[in-house]
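Copied from TrEMBL, the annotated features are:
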BINDING   Trp75, Tyr82, Arg83, Tyr84, Asp141, Arg167  substrate binding site
BINDING   Asn126, Arg127, Tyr128, Arg210, Tyr211, Asn212, Leu213, Thr214, Leu215, Arg216  2-oxoglutarate binding site
BINDING   His137, Asp139, His193  Fe cation binding site
DOMAIN    119-219  domain 'Fe2OG dioxygenase'
Amino acid sequence: MGALADLFAGTAPGAGGIKILAPGAALLRGFVQASLPALLQEIEHVAKAAPFRRMVTPGGYAMSVAMTNCGEAGWITDLGGYRYGATDPQSGRPWPAMPPMFRALAAGAAKAAGFDGFEPDACLINRYEAGAKLSLHQDKDERDFSQPIVSVSLGLPAVFLFGGEERRQKPARLRLESGDVVVWGGPSRHRYHGIDPLAPGSDPLTGPYRYNLTLRKAL
Ligand code: MD3
Ligand code: FE
């Protein structure tokens with residue numbers, strides 16, 4: 001196995017352990033710690049072609065989280081609803097290509113969590129500033145729910161809300177830090193989840209922001 005593959009398979013020095021949060025949900029603390037600067041560079045490269053923007057929900061509210069995408073498909077919301085699309089509605093051009101590093105880390109993390117052969121075709125990139133939040137929701141716009149979602153946190157820490165399969169179930173709280181990766185699959189794939197309003201702060205790498213990558217097989 002090469003150095004990049006070793007790193008993302010969690011076998012590189014400095015890689016943290018694996019913690020099972022729930023059936024199908026695995027936390028890999030610090031899994032991408034060594035790659036954070038390179039990952040941020042890739043995010044900035046994507047954002048040059050497809051800038052972060054606050055999308056509008058079907059109900060007409062601008063989201064507090066700013067978003068962009070890379071890959072064959074990107075997740076969008078507007079007054080017409082939620083969906084995946086091949087083009088950035090703001091430019092009319094295809095979303096920027098997914099950086100090979102994103103694919104490699106997603107496949108390595110999924111494999112470490114027991115999901116072999118994960119091949120993401122979409123990466124939603126969320127950018128939080130102080131006060132930005134994501135209300136409890138389910139991710140249901142992908143075609144194949146047998147495929148996991150791999151999430152990567154960079155920058156300021158956040159409080160993640162991990163609910164049940166029904167909205168009324170009180171969510172557990174988990175602090176996600178820069179470099180953490182979580183794999184969400186199997187029975188956890190349909191659980192409600194969200195992010196508490198971000199506390200203000202300054203991260204040495206990302207300044208006032210938290211970024212989250214979610215690597216998905218959407219199509
Ligand atoms: C659990 N993002 O983009 S990542 C999202 O930190 C989203 O920006 C959050 O929820 C963020 O949809 C949380 C963790 C996550 C992602 C997808 C999941 C948890 C999940 C899908 C099913 C269950
Ligand atoms: Fe989600």
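Placed from the backbone N, Cα and C atoms, the Cβ positions cover glycine too.
Among the binding-site residues listed (Trp75, Tyr128, Asp139, Leu213), Asp139 have a CB atom closer than 6 Å to some atom of ligand 2, in sequence order.
Tyr82 (substrate binding site) counts 15 other C-beta atoms within 10 Å of its own C-beta, drawing on all protein chains shown. Among the binding-site residues Trp75, Tyr82, Arg83, Asp139, His193, Leu215, residues whose Cβ is positioned under 6 Å from ligand 1 are identified as Asp139, His193.
For the pair His193 (Fe cation binding site) and Leu213 (2-oxoglutarate binding site), the Cα-Cα distance reads 15 Å. Note: the Cα of Arg83 (substrate binding site) and the Cα of Asp139 (Fe cation binding site) are spaced 11 Å from each other. Put simply, Asp141 (substrate binding site) is 16 Å from Leu213 (2-oxoglutarate binding site) when counted between their Cα atoms. For Tyr84 (substrate binding site) paired with Leu215 (2-oxoglutarate binding site), the C-alpha to C-alpha distance reads 13 Å.
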